[in-house]
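So the structure is just underneath, and the comments pick up after that.
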């Protein structure tokens, strides 16, 4: 194809490699993919035009930057699985007449749909639904987008579909929207913004995984529904690989390993979603906190501490109360001796408290940047069905930092926050990290604080910082927080799963709401910019991930017990005790096993406990002032003089190995 426009009917499309391809005006994304290669056209799911993800059959009528999205693209699985939820709903509708549908999003691993049906779904129903989904896939029905007015959509879902849930969304959630989009495939129609697959035939492999109870709109006072989960793939091979990963994930489940390794406890007597750290788990958490504190000190952060509750007016002022009201614990109401009522909330966020600390005194431009940091515990009343050990809890601790800086310092400070986050992940063994620039949705500006101009500047600064740091990022429209754009870090664990962890967020909104100022070099008051930054995100969730990523095989510096001292016989106990005490004196976490068990049993138990180092002590070692070292999962590493080995271990720990 020519590299230059040959007629007024041609448009220029810039590909990710910056090459330019000229196509006829009115070409679709599929046409463009086919012009590049037949295999790409077969794999194409959707396109990205000027950073916005669109249907593959979208008509392109002007010059644009274009990217063909496949299943391996960052956006690919979400599109695939969202379309699969529609496919599942169609199958359910065909099998169980009268079923109605609530929400059906893509999730981190697959999708779900909330179903209202007189039929109580069972395991055997899932197999029947799977079979019908594959049957519909073979029909290869095209998926068509239709836009209409909100009033037309209400009439359609009232009289044609008889779907009260979609009518409620249209009349309440979308009451200020003039036009909406519907997607049709065969005889099935759903209300959706899209984008979706071009046809049902793209879905080749289906696995429905489980059924749980849910409530319409997450409100326990509303209708109870049945939530059906599933996952799909464009090939059977990918599904088989996924099933193998699931089996491995079960072996690595942090809830299972947490109990086996005595790391944390979840007790119904304390309450659902409120984990307690056992001594070994507390050591891991303490080491991680010490690691981050040390690195933050090097970068000029200063610690603060804030209460676990706050006056409800504080969170109304920040905007967190209306934004998080559905997931907060009920307010605590008190009356003072004069009868005046005060309401308090369990702290849902640390940010407002830090803003008040900033505003507690006048700040000069010379004071900035000012970097506050806190391991602050916050509380969210997550639905019981969404709780998942440490990964989703009701009480969790954030490694929360807020940087207050001048606008001219902003990009440098974002870069510094990116560098710290990357360093943390590298140290902890996460080699694969994706970066998402989470921007706001201009079509839904009312959802966000601040003006369109403020958002434009904030997003420009975030993008500039990411590019300066050489970050290979992708853009997520609509993924921003309500007060600003953010950089989200998504790590891939040892079995290929993706976890969103650290974040760096820019905020022009809170300085306005809290009237934060500094005195500039001109003697006038100016607004600082705030950066919200949390490499771990949540200590609980991060440690849950770390348990699963390592399968409980923590590196030496992080292991709750670093060394097990294993005397072979009773006559070796005194020397073993001396070695044990020297390890403790050197700051090494050690345990001494003086049970009357055979040495092979002691080694096996230490291996099962995933202790990194085992020191076997018999007559030879005792006579020569030595120890025999075994490394976890590696076996015999040789005999060493005790002093020499202690120094070696201290160095490994200091280097965080």
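Each Cβ is built from the backbone N, Cα and C atoms, and glycine gets one as well.
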Query raised in the report: Can you tell which of 351, 415 Swiss-Prot lists as binding Zn(2+) with 402, 532?
Result: 351
Report summary line: Not counting 351, 402, 532, residues with a CB within 8 A of the CB centroid of the Zn(2+) site are 349, 350, 354, 355, 400, 401, 505, 507, 510, 530, 531, 533
Query raised in the report: By DSSP, how many residues in the domain 'TGS' (1-70) are helix, how many strand, and how many coil?
Result: 14 helix, 28 strand, 28 coil
Query - Local backbone state of residue 402 (Zn(2+) binding site), from DSSP in three classes - result: strand
Query raised in the report: Across all chains shown, how many C-beta atoms besides its own are within 10 angstroms of the C-beta of residue 351 (Zn(2+) binding site)?
Result: 24
